[in-house]
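Reading through the structure tokens given below for one structure.
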Amino acid sequence: MASESGKLWGGRFVGAVDPIMEKFNASIAYDRHLWEVDVQGSKAYSRGLEKAGLLTKAEMDQILHGLDKVAEEWAQGTFKLNSNDEDIHTANERRLKELIGATAGKLHTGRSRNDQVVTDLRLWMRQTCSTLSGLLWELIRTMVDRAEAERDVLFPGYTHLQRAQPIRWSHWILSHAVALTRDSERLLEVRKRINVLPLGSGAIAGNPLGVDRELLRAELNFGAITLNSMDATSERDFVAEFLFWASLCMTHLSRMAEDLILYCTKEFSFVQLSDAYSTGSSLMPQKKNPDSLELIRSKAGRVFGRCAGLLMTLKGLPSTYNKDLQEDKEAVFEVSDTMSAVLQVATGVISTLQIHQENMGQALSPDMLATDLAYYLVRKGMPFRQAHEASGKAVFMAETKGVALNQLSLQELQTISPLFSGDVICVWDYGHSVEQYGALGGTARSSVDWQIRQVRALLQAQQA
């Protein structure tokens, strides 16, 4: 129970804490986000104390009623913090004492803030993972729906930012959607490891008062119970794993944003962002800036920084709880907010994006079919390495003559290889080009349709 100073640990101390240290030590400015889960954990723990014979039924009911009142004040915005509330646990317990009196002092029996805070954090992150999963699934669904609707749109595929081969626009969309399905799968795995109960571990050695941890697990709907009390109160690998998940997901989203930023420039003019996800210039009236995509790209760095920062905090800690672990919550809250905003904006961008199909088609050029020319010779029986060389010679001949690759005459092609014949004309058809990539995972329509079915099946399985 809080001492006269309002501290949960004040009995050992005589002098007052330096005001600068008081401010430096406090975490209430951000861990107030945990108010709801802190109340949930305390309600479950009071039931555990009652079962262990450490609270009477009347005392438990009094505490539960008081905690309901605390939660009501938080929900209605009427909860008043005071200067001694260094963290959410202190604030809630102080208010509980004001509401129900000395009985509130029994709630912390056998419980440490070490196991209390990590329980709160796991509860909060478990819900956050579920929320972010829903947002990520919605983005992937939006991308797949778009890919299905625009399957017949062709445009240049790029490697090294150089035009490479004709592909379906849908194939590009699905390349990013598939990456995001791995992110959604990873997030489910992270949630599974978060969903483990540490409450009942005490500060380091465990709980000596017969509290039933299985009851606590059931009350808070955790999937399992931590195996070791020292590990339970000090380990933050689940936080690091969440931050790494966010970093990897942001890597994928940043790459997609970078592509779209390029595609919406005048130089490409393949797509146009909706006004709802663009801004203008304060000086240049003609400008339409892709700020939504640029912010997605830039916020990846913010998330990476939080992940690296936490790992640097964790790597030098001795065993069990240290105050350094207070740094975990700001990282989690900020990254969670960032991911929520980014996923919603990305979904809005994709759902409202306008494509310029004519410009995409005009960007296709015969030189992008040089690989197809090599495949043509392979189908005639030429080894691929020779076919690659022959196609390269055709490209050089066309460049030397200042003509497009498909403008070389049959006679000119036959000077390179006698295997060229009149049916080489089929090579110069972009639709024919993409359709030859019918192997699973390719850009042919049958393969794109298969990819769409597979991604939808993955989403359905993940949501089951």
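In case you wondered, yes, glycine gets a Cβ from its N, Cα and C as well.
Going through S27, S42, S409, S417 against Swiss-Prot, the one listed in the 2-(N(omega)-L-arginino)succinate site together with N114, T159, N289, Y321, Q326, K329 turns out to be S27. Just one residue in K23, K69, K380, K393 has N6-acetyllysine written against it in Swiss-Prot, and it is K69. Between the listed residues K51, K97, K288, Swiss-Prot assigns N6-acetyllysine to K288, with no corresponding entry for the rest in that record.
The closest partner of K69 (N6-acetyllysine) among the recorded positions, by CA position, is Y321; the full candidate set was T159, S281, Y321.
Closest to S27 (2-(N(omega)-L-arginino)succinate binding site) in space, going by CA atoms and restricting to the recorded positions H160, S281, E294, is E294. The C-beta environment of E294 (site 'Increases basicity of active site His'), restricted to residues of the same chain at least 6 apart in sequence and closer than 8 Å, consists of A257, I261.
Listed in sequence order, the recorded positions near S281 (active site, proton donor) (C-alpha within 10 Å of its C-alpha) are K288, N289, out of T159, K288, N289, Y321, K329. The maximum pairwise C-alpha distance among S27, N114, T159, N289, Y321, Q326, K329, the residues recorded as binding 2-(N(omega)-L-arginino)succinate, is 51 Å. K288 (N6-acetyllysine) has a Cβ environment of 13 other Cβ atoms inside 10 Å. In this structure, T159 (2-(N(omega)-L-arginino)succinate binding site) is part of a beta strand by DSSP.
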